[in-house]
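Colleague: The transmembrane segment annotation in TrEMBL covers 73-94, 128-145, 151-174, 186-204, 248-266, 273-290, 310-328, 333-351, 466-486.
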Amino acid sequence: MIRRTVLTAWSVLCVGVLLWPLVGAGALIQRDMVVLPHPALSLSALGFGDLPARGAPQDGVLALAGMLVDASVLARLLLLLAGLAGAAGAAALARHVTGGDRLGPQLAAVTVTIVNPFVVERLVQGHWSLVITAWLLSGIAWAALTGNLTALTAGLWAASLTPSGAVLGIAVAVACSWHRPRQVPAAAGIGLLVTLPWLVPALLGGAGTGAGGATAFAPRAEHLVGTAGALLGLGGIWNGTAVPASRSAGFAVFGVLLAVLLAAGIRRCPRPLLILAGTGFGIALGWWLLPGAATWSLAHVPGAGLLRDAQKYVVLAVPAFAALAALVADRRVLLAGAVILLAVLQVPDAPRAVGVLQPVPADPAWTRLAEVADGRDVLITDAGTIITYRGRTVVDPRSKALPLVDPGALRVDGELTDAPNPRWVRGVESWRGGDTDGVRAAGIGVVVDDGAVHDLGGSPRRDWRWWLGLGLTGSWLAVPVLTAVLRRAPAVRRTARL
């Protein structure tokens, strides 16, 4: 009982020091994270917008939830539950690899899973759903290694809020199921189901994944350890402004020391976890070392855009790190303390760094414009993909508040990583040329030009894509229920025969 209480308290503390800013009231608006109380259920939210479906099914789920409750509260709840589930999964993985229930290995595994540079940097960058995936991967690995299909399904489903999360979750699930031939098709099948909200739009001729940004999104070096050392410590995000101050002051060296210490447990670590770690590091290092090949891939290989932010693939090493931490700490109190200490020291200012996540009030003008639009597409002639709101550099919140025609163009460090949206360009050119019929022909019902709102009439776009997107989002929500029914059916039949 004492062991369980200590483990639970430590897990809550680890999650709490990272999520404490989310307690306040307001919308979640920080860099790439824009979660408003009541997002629009637009074609973009459902994966069929002008741009790639990078936010499906996440945006559709939040929009549906926003019809009933504050969607930002749901996002906070998902983060909290994922953190606690991730801690439980890491502890379970520790018990599995050590074959015991000792406290030290579990505390070490929980610490390196929940509090690490990847999680902190991605939270600061606003990649909250990717953090959910990072936290759940150790649990997915444990479920696959032990044949717990129910836990595997739940983990895969929760990790698949975005395409990147789905790909990472499937990779871990399939790799760790390889020693169970009958489980591999099940893991792959579940993986296919949870990818449908973004895979179907892509297959039906949706927008590509972008052909630029190999250099802009490449992993970055950190003080004293360089790029390779930063990646080895699960850091190295492309955006230097998302890196905690301690990492820039040299504390990243503790991440390298942690990795060296964890290497002592490699011989006892399950091989699938080591393969996953090697794959993740290989992708990130390859993108950094071979920029020419990375650029060529983005331009010529379908789906290569999923690799553009290559640093995120180091998260595939988290399950291995959790297992190695447990193995190194097993029956060695001093080493358990060393693992935990090094894990904390590599990002000691994490609670301060995530303070930028504190919610801010949403602009009432967004709601008023959404009411005027009434579901019709809105063209803002001077819109930008990235804007400054209340002193924060963020993705334009209006793209979530209403059915906005996204500008599409994105520059990172002066490099054009995403080309302008052709429909936005066409709409702006038609409007400035006085061709309102051309604007209407582009499916636009409202134009905002120099602050003035112009209603062009028309009705919301509710064609087959909107309904298909709604159905795919609904099917994603139904995956846990469907799995539970299918799992229960054999038991019901056995009971009936008795």
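Glycine is no exception: its Cβ is also placed from the backbone N, Cα and C atoms.
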Colleague: Below 8 angstroms Cβ to Cβ, which residues of this chain, lying six or more residues outside the transmembrane segment (186-204), approach it?
Modeller: 46-48, 52-54, 56-57, 60, 144, 149, 152-153, 156-157, 160, 162-163, 166, 169-170, 173-174, 177, 303, 465, 468-469, 472-473, 475-476, 479, 483
Colleague: Going through 73-94, 248-266, 310-328 one by one, which has the most CB pairs that fall under 8 Å from the transmembrane segment (273-290)?
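Modeller: Stretch with maximum Cβ contacts: 310-328.
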Colleague: Six or more residues beyond either end and a Cβ under 8 Å away: which residues meet both conditions relative to the transmembrane segment (248-266)?
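Modeller: Result: 112, 117, 222-225, 229-230, 232-235, 274, 321, 323-328, 335, 338-339, 342-343, 345-348.
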Colleague: Which residues, given as numbers and ranges, are at least 6 beyond the ends of the transmembrane segment (73-94) yet have a Cβ under 8 Å from it?
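Modeller: Distant Cβ neighbours of the transmembrane segment (73-94) are 7, 11-12, 14-15, 18-19, 22, 28, 35, 62, 65, 105-106, 108-110, 112-114, 128, 131-132, 134-143, 145, 151, 155, 158, 161, 319, 322-323, 325-326.
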Colleague: In terms of Cβ proximity under 8 Å, which residues at least six beyond the ends of the transmembrane segment (466-486) contact it?
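Modeller: Residues 41, 43, 45-48, 56-57, 60-61, 64, 150, 153-154, 157, 160, 190, 193-194, 196-197, 200-201.
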